[in-house]
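S.K.: Below are the structure tokens for one structure; questions will follow.
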Amino acid sequence: MSLSGKTAIVTGAAQGIGRSIALRLAQDGANIVLTDVKTDKLAVVVKEVEALGRKALAVTADVGDREQVYAMVQQAADTMGQVDIMVNNAGIVQVSSILDATPEEVETIYRINVQGTLWGIQAAAKAFKAQGTPGKIINACSMAGHESFPLLGVYCSTKFAIRALTQTAAKELGSLGITVNAYCPGIVGTDMWDFIDRRMVEETGAKPRETYNKFVGGIALGRAETPEDVAALVAFLARPDSNYITGQSIITDGGIVYR
Ligand SMILES: NC(=O)C1=CN([C@@H]2O[C@H](COP(=O)(O)OP(=O)(O)OC[C@H]3O[C@@H](n4cnc5c(N)ncnc54)[C@H](O)[C@@H]3O)[C@@H](O)[C@H]2O)C=CC1
Ligand SMILES: CC(=O)C(C)=O
């Protein structure tokens with residue numbers, strides 16, 4: 001119960017990795033503010049958090065909209081009394097070649113992945129500062145934030161950007177007692193990978209599941225990552241054990257990308 005009495009905000013918490021992070025932080029004692037654009041699915045995760053004996057608050061918000069992010073963090077602080085941990089998990093993927101990427105696609109993914117993370121860092125850091133408390137900011141990066149992959153170039157560039165934001169925020173906020181780190185998963189079989197696999201079929205003529213299986217086949221530990229594997233790293237970054245770590249984008253991919 002190392003997070004007992006703490007409040008964590010998790011964005012993109014309605015499903016996939018965000019849901020698992022919310023449940024793991026709740027198991028570790030934290031009350032959870034869950035935010036996403038999928039209101040119905042959020043309601044299910046609220047019940048799951050409450051079943052673990054923690055308080056849960058769902059706030060529908062689009063992380064790409066700065067005002068909505070600030071309002072969500074304020075609502076979290078007002079309802080829970082304080083916020084201590086911010087997990088900027090929400091993100092989307094796109095599959096297109098460098099030659100085919102369109103302005104609309106690029107604008108959308110940068111608005112959600114890059115600006116969404118930036119607004120989350122800003123709003124959380126300002127809340128910690130106003131409270132006069134230290135805090136932990138934890139961003140979703142990817143192994144694709146360390147190495148780029150064909151047809152995922154624009155997505156990878158957003159994750160490289162998140163690594164840069166993580167380093168800079170760590171340098172700027174360290175004197176306030178705020179740590180800023182990122183988790184970098186590998187191949188996690190969520191809706192995101194279903195989408196990547198479908199688009200790879202369209203783009204390359206690969207058979208369904210062929211791209212996913214090829215990536216999984218390259219993992220040193222011999223299996224795909226689970227959302228719970230990712231949540232375990234996030235839980236470490238959220239608890240005092242990681243207090244002397246900041247500015248790091250830590251790979252958890254079972255052995256694909258080595259840094
Ligand atoms: N699945 C994977 O293999 C990997 C995922 N990641 C990252 O982990 C994070 C979570 O990914 P998954 O759970 O796999 O994806 P997912 O697609 O299953 O879930 C993403 C969640 O984010 C929410 N979301 C999307 N746009 C939003 C917005 N504008 N505002 C608020 N919420 C929004 C969605 O509604 C959804 O609930 C993402 O940042 C992703 O880039 C990183 C490496 C690998
Ligand atoms: C989805 C993702 O982050 C990959 C392929 O690394």
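The backbone N, Cα and C atoms fix where each Cβ goes, and this holds for glycine too.
Straight from TrEMBL, here's the annotation block:
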type	residues	note
ACT_SITE	TYR155	active site, proton acceptor
BINDING	15-17, ASP36, 62-63, ASN89, TYR155, LYS159, 185-190	NAD(+) binding site
DOMAIN	6-196	domain 'Ketoreductase'
S.K.: Please work out the mean pLDDT for the residues of the domain 'Ketoreductase' (6-196).
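M.R.: Value for the domain 'Ketoreductase' (6-196), mean pLDDT as a whole number: 98.
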S.K.: What count of other C-beta atoms do you get within 10 angstroms of the C-beta of VAL188 (NAD(+) binding site), across all chains shown?
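M.R.: Step by step: centre on the Cβ of VAL188 (NAD(+) binding site), count other Cβ atoms within 10 Å, giving 20.
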S.K.: Cβ distance under 8 Å to ASN89 (NAD(+) binding site), same chain, sequence separation 6 or more: which residues?
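M.R.: The answer is VAL10, THR11, GLY12, ALA13, ILE17, GLY18, ILE21, ALA140.
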S.K.: Measuring Cα to Cα, tell me the gap between VAL188 (NAD(+) binding site) and the residue listed as 'active site, proton acceptor' in whole angstrom.
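M.R.: Spelling it out, the Cα of VAL188 (NAD(+) binding site) and the Cα of the residue listed as 'active site, proton acceptor' are 16 Å apart.
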S.K.: Determine the most Cβ-crowded residue among the binding-site residues LYS159, GLY186, THR190, using a 10 Å radius around each Cβ and all protein chains in the structure.
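M.R.: Answer returned by the neighbour count: LYS159.
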S.K.: Which whole-number value in Å describes the distance between the Cα atoms of ASP62 (NAD(+) binding site) and TYR155 (active site, proton acceptor)?
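M.R.: Pair distance, Cα basis, whole Å: 19 Å.
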S.K.: Can you see whether DSSP assigns ASP62 (NAD(+) binding site) to helix, strand or coil?
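M.R.: Note: ASP62 (NAD(+) binding site) is coil by DSSP, not helix or strand.
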S.K.: Between the residue listed as 'active site, proton acceptor' and GLY186 (NAD(+) binding site), find the distance joining the two CA atoms and give it rounded to the nearest Å.
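M.R.: Distance (Cα to Cα, whole Å): 14 Å.
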S.K.: Whose Cβ, among the recorded positions ILE17, TYR155, has more other Cβ atoms within 10 Å than any of the rest?
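M.R.: The most densely surrounded of these recorded positions is ILE17.
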S.K.: How many other Cβ atoms are found within 10 Å of the Cβ atom of GLN15 (NAD(+) binding site), counting all protein chains shown?
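M.R.: By my count, 18.
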